[in-house]
Every structure is written in structure tokens, then in C-alpha cells.
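What follows is a single structure, written as C-alpha cells, with notes after it.
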């Protein structure tokens, strides 16, 4: 079985990735300090993957998540991590007070590189939802405020979330690509 180094320090993301593509590749984990750049979701994902491939010297998988509020024309987008750290769940929810739309799009972009010097390949998944007051456990990013069909990600079981999430949709594309590449 082929091995891929998933570059993350987030144990929850690692568990989700292993649960979804672990039957196709051996997902190992490494933590690499990657510079935070500004740009589009795709530019950020590619640069992060290039940097990780150079640091590891082999095949890597990186992931970047964005949460865009429709009322704010896609913000906070790829900067959601910093907005969450600064404002918390309730603060993110309050950002939409005064707007008609509480709609949001969760975007997950996986980037794969076979190694240094190779152009990263992107796999993207998107899920539409709404921003709500926090519900459910607050142990995984913005899951408590992103509602999909009546439940926040935080209220769902891991199995339920892994069937509909933006991360799942991106990983299915990656999984299919890996199956095609490895056969």
C-alpha cells in the first residue's frame, strides 16, 4: 500500500482523513511549519503543499479549509482560523447580525504533491449551510456554528459528518484519483 504524509497538527482532521481514504493509502502524519500566505483558497493550498513537499522530500497531502459567509461576499474564507481564534463561535455568529442571509459555504481543498518540484494537484469539496448560534461540542473548529439540513456539524456523529461534509467531498475526489493512479 502506498504511503502519503498528511501534513497536519490537527488530530481530528487526521482521524477524518484516515477514516475516509485509509482503505486506499497508508496515511502517515507529519507536522511541518508552513508559512501562512494570503491569496485565494487555491493559491494558499498549492503554496502550502509545495512548501511541505520540499520540507519532507517526498509525497505529501495538505489540507486547507475555508468558511465563506454569503452576506460578506465569501469572508472570512481561508482566514476562518484567525477569525475563530479572535472572535470565537458566538462572535462569528454575530458577524451576520443585521444581514438577511446567514448562508455560508464550507470549502475543503486537499493538495497532493508526489514530491519536491511537482505541481500540486487540488481536490475540492463544498457544502452549503447556514451560520447559527453554537450547538454541540466545541472541540473541532467552527463545527458548532455550521448547520447543514437542521444539524450543526458538531451535533452529527463522526459517521454522519463523514458522509456529507466538505472534507468528505474533497476526499472522495482524492480517493478516486488515487485508485486510478495506483491501478
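Note: Cβ is positioned from N, Cα and C throughout, glycine not excepted.
What Swiss-Prot records for 8-13, 48, 64-65, 81, 140-143, 161, 166-167 is ITP binding site, and it gives sequence analysis as the kind of evidence. Residues within less than 8 Å, Cβ to Cβ, of residue 11 (ITP binding site) and separated from it by at least 6 positions along the same chain comprise none.
The Mg(2+) binding site feature in Swiss-Prot is assigned to 36; the stated evidence is sequence analysis. Under DSSP, residue 36 (Mg(2+) binding site) is assigned to coil, being neither helix nor strand in the three-state scheme. Here the Cβ of residue 36 (Mg(2+) binding site) has 11 other Cβ atoms within 10 Å, regardless of which shown protein chain they belong to.
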Entries of 8, 48, 81, 142, 166 which, being binding-site residues, have CA atoms within 10 angstroms of residue 36 (Mg(2+) binding site): 48
Cβ neighbour count within 10 Å of residue 8 (ITP binding site): 18
Cβ-based isolation winner (fewest other Cβ atoms within 10 Å) among the binding-site residues 48, 81, 166: 81
